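Trainee: Mind having a look at this structure? Questions to follow.
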Amino acid sequence: MLLSNVTSTHPAIFLLMGIPGLEHLHVWISIPFCSAYTLAVLGNCTLLFIIQVDAALHEPMYLFLAMLATIDLVLSSTTLPKMLAIFWFKDQEINFYACLVQMFFLHSFSIMESAVLLAMAFDRYVAICKPLHYTTVLTRTLITKIGIAAMTRAVTLMTPLPFLLRRFNYCRGPMIAHCYCEHMAVVRLACGDTRFNNIYGIAVAMFIVVLDLLFVILSYIFILQAVLQLASQEARYKAFGTCVSHIGAILAFYTPVVISSVMHRVARRAAPHVHILLANFYLLFPPMINPIIYGVKTKQIRERVLRLFLRKDVRMESEG
């Protein structure tokens, strides 16, 4: 009995087109992209440094913030360096397996970010609704378990994608109409039955966004109820003020997702570069804005940052 092996043929490299239709503006587009990436790296590295060196910030809220900053660094660094290479040097080539790795990291860390934002909502819920049990509920052990669970969920959901894509024949050419290896952009080049990939990609996205966002909203419904029951207006303002930074981070993460999803359905005939710019905005905006939100709105972090820069100024004056 002869067994026929099903083999797949894929190109050794893919070619990332950047932003189709706006190739002549790539150099100009790179300026805000590079600025946003620089701010993201500096801001998140500063947050991680301050949380690491200051023992007073080794509390659940700041440990979750350190997770968020780490995820944002990986998420932006997965795509931006290659994107800038395309804009500046027309370096469009990416190895097939490097493309799959980039896609895996991109989607995995996006899922992790959603999970950490949900964990931060739980942190605010316990802090405001059950303040006497805050330290006993949110222990280091539980925080570690939450971090491991967020990573496990993301890796489990995204691991099948590279293997699913590897089995396809890519007879529609190596040109990816995008700045990075996004799952559906790669699937469009594949021949054969890609329905499972399409359904799986949409199902995972809907599962993550709907489920996580639903639990975040439920947390804030309970928080709002608890805040409204406080006796004084000052106490209500102070309690809800501790949530402002987290609400800003949620809006920064989910708003581009919702806008991009709506645009794909409402404005299907829009030029491809509109959808690609929205996708890039989704990757760039949260990592850039999150350190600014927490740096401005969180008193403890703001004071540590000011103290750090004041020490540098004093040291420079003494040396001078």
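Any Cβ shown, glycine's included, is placed from N, Cα and C.
TrEMBL labels come from automatic prediction, so no person has curated them.
Marked as domain 'G-protein coupled receptors family 1 profile' by TrEMBL: 43-294. Annotation source TrEMBL lists transmembrane segment at 25-50, 62-88, 94-122, 142-165, 199-223, 235-254, 274-296.
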Trainee: Which sequence positions outside the transmembrane segment (62-88), separated from its termini by at least 6 residues, show Cβ-Cβ distances below 8 Å to it?
Mentor: 16, 18, 26-27, 29-30, 33-34, 37, 40-41, 44-45, 47-48, 51-52, 94, 102, 105-106, 109-110, 112-113, 116-117, 119-120, 123, 143, 147, 150, 179-180, 249, 280, 283-284, 286-288, 290-291, 294, 300-301
Trainee: Take every residue in the domain 'G-protein coupled receptors family 1 profile' (43-294), average their pLDDT values, and give the whole-number result.
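Mentor: Its mean pLDDT is 89.
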Trainee: Counting CB pairs under 8 Å, which listed stretch among 25-50, 142-165, 199-223, 274-296 touches the transmembrane segment (235-254) the most?
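Mentor: When the Cβ pairs under 8 Å are tallied, 274-296 comes out ahead.
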Trainee: Sequence-remote contacts (6 or more beyond its ends) of the transmembrane segment (199-223), Cβ cut-off under 8 Å?
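Mentor: Residues 111, 114-115, 117-118, 121-122, 124-125, 128-129, 157-158, 160-161, 164, 183-184, 187, 240, 243, 247, 250, 254, 257.
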